[in-house]
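**Q** Feature annotation from TrEMBL assigns domain 'Fibronectin type-III' to 73-167, 173-267, 273-369, 471-565, 570-664, 766-861. Marked as domain 'Ig-like' by TrEMBL: 373-464, 668-759. TrEMBL lists 255-283 with the feature region 'Disordered'.
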Amino acid sequence: MRGVPVPTAKWATDGIEIKSDGRHKIDTDNFSTVLTIKDCVRKDTGEYLLTVSNAAGSKTVALHLTVLDVPGPPTGPINILEVTPEHMVISWRPPKDDGGSPIINYIVEKRQSKKETWGVVSSGTSHTKIKIPRLQKGYEYIFRVRAENKIGIGAPLDSEPTIAKHMFDPPSPPGKPTVYDITENAATVSWTLPKSDGGTPITGYILERREASGKWVRVNKTPILDMKYRVTGLFEGNTYEFRVFAENMVGLSKPSPSSDPIKASRPITPPGPPINPKLKDKTKETADLVWTKPLKDGGSPILGYIVECQKTGTTQWNRINKDELIRQCAFRVPGLIEGNEYKFRIKAVNIVGEGEPRELAETVLAKDILSPPEVSLDVTCRDLITVRVGQTIRITGKVKGRPDPDITWSKDGKVLVQEKRVEIVHDLPNIELQVKEAKRSDHGKYIIAAKNSCGHAQAFAVVNVLDRPGPCQNLKISYVTKDSCMIAWESPVDNGGSEITNYIVEYRQPNQRGWSIVSSDITKRLVKANLIENREYFFRVCAENKIGPGPCIETKTPILAINPIDKPGEPENLHIAEKGKTFVYLKWRRPDYDGGSPNLSYHVERKLKDSDEWERVHKGSIKETHYMVDKCVENKIYQFRVQTKNEAGESDWVRTAEVVVKEDLQKPVLDLKLSGVLTVKAGDTIRIEAGVRGKPQPEVVWTKDKDATDLTRSPRVSIETTSDTSKFVLTKSRRSDGGKYVITATNTAGSFVAYATVIVLDKPGPVRNLKVTDISSDRCTVTWEPPEDDGGCEIQNYILEKCESKRMVWSTYSSSVLTNYANVTRLIEGNEYIFRVRAENKMVGLGEPSLPSRPVVAKDPIGIVPLYSVFCFNINITYCYIAQLCFCLRMGIDNVIRKGQVDLVDTMAFCVIPNSTRDDSGKYSLTLVNAAGEKAVCYTFCAQLHQLIQTPLALGRC
């Protein structure tokens, strides 16, 4: 503060001057005054006035002070907007004092009124209304809310205790129930609406019943929506009462008054008429009637039926069953007179009496029905009947015919009669044959024959009796050695009616009682057993089917596990593998049985067709299973034989068929082991292999492009031909090695030619005719022609390199040139440059660089003034040299374009005026300047500048 004389200072708030006492302290000197409030509180917030005065006058300044604090409690009360047993909705108003900072959050808590601990409901809401979930029905709750600002959490506001329950009441009880339409097991109960629905709609009714002095039992599982209900499940003769509850969303009402007691009993009336009476069968003396019981029994069980008949021509009905009622819905009427016609009717009877009769639709003539026999088997007997031994064979069927036919059963031509195991039942039309304790011998074809005066019929059933298989046959032990033997046998005569699934082979030593399994999972009838040297063995075998294993067949004498030296078996598969002019090549296979000695050798002999003497064709013995018989006479007929020999002796001879000794001719065949075209990179090895077949052995020649000398003379080529293959190898392949290779196989039977195409991929060659044109001070154009050789695959791109003559250091200008020309920019004026280009293909890579271009100097040629091309004048003229300077002027009062800008892009000049207005309209002049001179042109729109070697042309005047 300043003033003359020195002013005095006074502090005031709310119209009251502040003195230096207590929490307030005022420090004033000649130039300033300071008010200090210690331990400030929220109520210190307000406007403070500083007044300075002296003899010359006074000056007052207002200062506003805000003291931040936690907010006050929310403005009450807490309103309970919605109450249910599970949740409540509450609301409140913001605090009157927010503590000087906006309320950022409310903390809502709850507790049961009987507990002291609070639980947080929400600590992150800025709304003044919230739904409080997860309440327990019937409990009383208190809620409190606290406001929070950036300073902290304020004081709470508590609600009044509130019970979690519905806001509505249960309904009042319905009216007294009325019971009607009573039967022995059901009754209908109805009632009236309750006087009050409790403030919310009734959702249904609950019905209960009880027997006299019993407990109430709920009748319906789901609420009844109507005001009546049919109660079922009552017991005849019992007395019942009923009561009803109404239900709304709150719960059940109190029960209604109990109904008057009722007794479950049925109303009894005479039964209805029988249904669909008809004639089932008849004879000259009887009639078989059948019917169905009435739909209504009158409330009492049907006691029986009465059958009445009436002769044709009379009106009187006579009761047939006079003594007792008919219990079944079928009856045979006796005592009919042959040739007479009768009518029949039937009545049902219950405890009340006889019901309404029902008459047969047609009259019945007392006469026998004649028909030939019909035999039909039960569906279970039509296919194969399969039983196990010990079970009972049952064949059932039906036999019809009038008169009743005579029935006979037979098997394999033998008539079956009733005996201990065989039971025959004929209860026409049903028939049955039972064979108890079935034996394997009971399988076969069973025939049922029926015969009467009208004809005969028959049917048959096939029975298979399953049993264990019989014993195996002809058990033999052979090829005994010190460590093994061969066990062979034949299948059982009887397989037990089921396929043999397995054979079980066992052995034991004489001093052992138990048997050991050799194999228990085999289907062949020959097995090898492993033995221990110098021990004796018994063997047994049994067959097994799905019923089980059959009886065993055993060897009677033991065998001793030693190596007997026996004559070997005969050679196997003796055949002529190959023959020529004077030789025959024989092959055979070692015999399966070596006689107990592994030291086998062979003898080979031959003879001419007309000779009886065999000639040994070798000295000593042959160990191999093949032999070349040479020194034969061409075109003579020979026969050959081979035998096996060991220490015990020689086997029988095995002979070939007679054969003419001469060379077989076979035209050569080449199997080139190459699919498609062989592609290799330069420097790799070219390998081509071909399979060779033919008789006599073909001669194989490899050529390339019909020139054989190139292949055989080159030190890089290696050709190896064997009896069945020919291999061509060329190392360090070159680009020139690509082409078509011809393989020719020739013998006396003919020739065969195969072709192999080889492509050798290499780097592309150098580009051709490299030229530099359109040279200026900072750019030029480099053109070239593609290389003569692309290396065998497509040129992918070109690499353009440049070099300053004074430095002679090559640098890459561009490594991705796709065309055969490039525009080189950013040259330094006055420098001398040379260029070279390399081609790159896809598979191998970069080729050799081209010869360097002639040196060129980066400078503009002088001698031609810049020219224009103005499209608006329909003149399209381009220029050889680029202008060094380009500027644009507005013509008229102001020759300067204040907002415009001239841009040079390549060979085009643009005058750009951003944010143009109507005032920018007018004529403009564009001036181009280079070392040869300058040129101007007037235009209204943008002009374009091109390049063309041509003499100047005047375009117009301003």
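A Cβ is built for glycine as well, from the same backbone N, Cα and C atoms used for every other residue.
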**Q** Can you tell me which parts of the same chain pack against the region 'Disordered' (255-283), counting only residues 6+ beyond its ends and a CB-CB cutoff under 8 A?
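**A** Those are 173-179, 182-187, 189, 191, 208, 212, 234-245, 289-300, 302, 305, 329-330, 344-362, 364-369, in sequence order.
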**Q** Across the domain 'Fibronectin type-III' (173-267), what does the pLDDT come to on average, as a whole number?
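**A** PLDDT averaged over the stretch: 91.
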**Q** Using DSSP, tally how many residues of the domain 'Fibronectin type-III' (173-267) sit in helix, strand and coil.
**A** 0 helix, 36 strand, 59 coil
**Q** Looking only at the domain 'Ig-like' (373-464), how are its residues distributed among DSSP helix, strand and coil?
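**A** Its residues fall into 6 helix, 59 strand, 27 coil.
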**Q** DSSP on the domain 'Fibronectin type-III' (766-861): how many residues come out helix, how many strand, how many coil?
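**A** Its residues divide into 0 helix, 47 strand, 49 coil.
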